[in-house]
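First up is the structure itself, then whatever we jot down about it.
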């Protein structure tokens with residue numbers, strides 16, 4: 001039996017390792033050409049110390065206190081030369097990917113679907129046999145090369161990978177390089193290059209209630225996360241607040257409704273900032289955060305949106321006098 005171990009490097013690159021039962025993560029990594037920091041291999045030096053974000057694993061008792069203290073082990077630190085995965089895991093590696101003789105993976109795919117969801121948003125799906133090998137954590141992104149140019153644009157996955165196909169939500173920008181291609185030139189079958197996955201914004205192990213805050217096409221990583229949660233189930237409540245500027249920016253509402261039907265503890269709301277909106281809930285995301293959703297601080301908050309939204313939410317939470325258990329955020333600025 002094998003388990004997937006995601007290695008999240010400090011430069012944002014993520015690579016996946018297949019670890020066999022009883023095999024140390026370090027041995028599995030080196031077997032697959034990923035040279036994690038390592039020295040003694042005996043649990044004596046601490047050179048391979050990483051942080052386990054999630055997953056079940058064993059460390060054995062053969063390492064020494066100087067290499068990994070009891071307090072560090074309780075916090076989630078591991079020695080990869082001793083760590084044996086007992087489920088899929090995620091570890092943070094305190095080194096850049098190039099130092100570990102690896103880099104972001106590259107793929108070729110073809111457009112399988114492209115459609116304009118509204119005057120401001122485009123849905124893009126790409127597919128290829130090689131994408132069956134693409135593994136990523138829900139919430140991460142890739143760099144897509146704009147066909148016919150040497151320019152790339154970063155987009156979060158809006159779906160999980162299924163049968164070699166992945167999807168994205170893309171904001172349409174007047175005169176934008178990718179926007180112009182997708183609206184005027186793109187057709188099914190066109191070739192697309194991508195590299196990744198990248199990013200430290202991804203779904204962690206769910207240990208408490210979640211509050212998900214999306215701004216505009218910042219909804220994309222959350223639909224991928226919700227797809228994963230729908231697959232694996234969970235007992236903790238989660239609420240999504242989706243904020244946009246104009247009515248036409250509201251997209252994928254049918255998908256959110258479908259998730260609400262599939263995930264027992266999931267609820268969502270949406271709001272539109274424009275005072276001219278016909279949508280029932282007007283205003284900003286912070287106006288629709290309820291005290292019960294903050295759960296006295298026993299909550300993990302995920303936020304993806306433009307920088308002003310991230311700052312506004314941060315200020316709001318501070319004003320409530322609450323320190324959430326975890327606050328993960330991804331700022332994005334649309335690129336032309």
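Just so it is clear, glycine is given a Cβ too, placed from its N, Cα and C backbone atoms.
What Swiss-Prot records for this protein:
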type: BINDING; residues: 40, 45, 48, 81; note: [2Fe-2S] cluster binding site
type: DOMAIN; residues: 3-97; note: domain '2Fe-2S ferredoxin-type'
type: DOMAIN; residues: 104-204; note: domain 'FAD-binding FR-type'
type: REGION; residues: 99-336; note: region 'Ferredoxin-reductase'
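Long-range C-beta contacts of residue 81 ([2Fe-2S] cluster binding site), restricted to its own chain and to partners at least six residues apart, with a cutoff below 8 Å, comprise 24, 26, 27, 38, 40, 41, 42, 43, 48.
Residues 26, 38, 39, 41, 42, 43, 44, 46, 47, 67, 79 surround the recorded [2Fe-2S] cluster site, their Cβ atoms falling within 8 Å of the Cβ centroid of 40, 45, 48, 81, which are themselves excluded. Within the same chain, residues at least six positions away from residue 45 ([2Fe-2S] cluster binding site) with a Cβ under 8 Å of its Cβ are 39, 67. The binding-site residues under consideration are 40, 48. Their Cβ neighbour counts within 10 Å are lowest for 40. Sorting the domain '2Fe-2S ferredoxin-type' (3-97) by DSSP state (H, G, I as helix; E, B as strand; all else coil) yields 13 helix, 34 strand, 48 coil.
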